[in-house]
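Summarising the annotation, TrEMBL assigns domain 'Sodium/calcium exchanger membrane region' to 113-269. Among the features that TrEMBL reports, region 'Disordered' is placed at 9-37. What TrEMBL records for 84-101, 113-136, 148-170, 182-204, 224-245, 252-271 is transmembrane segment.
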Amino acid sequence: MSSSILSLYIGSHQKRRTHSDSEEDDSSRSRSNVNVESHDMHRLNVNQSVPDRRSSQIEEIKSLLEEEEEKPLDMTWPETWMKRLTYVLLAPVVVPMWVTIPDVRRPHNRQWYPATFIISILWIAFFSYLMVWWANTIGETFVIPTEIIGLTILAAGTSIPDLITSVIVARKGLGDMAVSSSVGSNIFDVCVGLPVPWLLYFLMEYIRNPGEPLTPISVSSKGLLCSVGMLFIMLIVLVFAIFLSGWKMNKIFGILMIVSYIFFCVFSVGLETDKLVCPLNICG
């Protein structure tokens, strides 16, 4: 009796062991199949050409952007105290634009996108005028030269839209667009932002006083040539910082750019306040 019970116990134990061994074999085979499949997928990704990978990444980003639904501006009274405080502080700026600019995110206003574009440009021009006016007033009040105001307050204020745009596209994974927009905005400011107002000024002077010689606009900034040279150096530092960060936008890239900007501001302010002397000074 005991021998039969022992034989039954040994047989059942062997069956369980055989069953567990078979399950382990199945799991090992499944893991090996998964490893082979992952290896094949990795090999396919490696063998995939760079343009194909770039196009696939762009398609993924486009799909993510399409999934995000843009909601129209909501002007209802918020519930929390912090949001209410923000609402009250921004109301003098937001409410006039909310009244005058058609919100094309609403279905019944989508055909008004040309008016939205033109009115938005007019609002930008209005706020730019206020910003220059107030910055000049601050400079006169605290006896700060206009050149320093332009290098610090005005430069930072006019670059806020570029900063917001770069942050948005960078969070979407479009690092190339973020870097290109920052470089392109500087080129646009120098090649279009400076000459167009001067041309308008000369045009208005010609209309007011036809036939009289036009008076050129004098530039009295100290160390202008060195500041322009620093701008080119900053572009070189930009490319070098991207190279050091492994052609990726990471913390190293951000730290290098912030340090470079602080150095540029200190150098330019030193030139304007005669703390530093530019050896290539060509402006009186």
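Residue numbers in this text run from 1 along the chain shown.
Cβ coordinates come from backbone N, Cα and C, glycine included.
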Contact between the transmembrane segment (252-271) and the transmembrane segment (84-101) (at least 3 Cβ pairs under 8 Å, separation 6+): no
Cβ-Cβ under 8 Å with the transmembrane segment (182-204): same-chain residues at least 6 beyond its ends: 158-159, 162, 166, 214, 217, 231, 235, 238
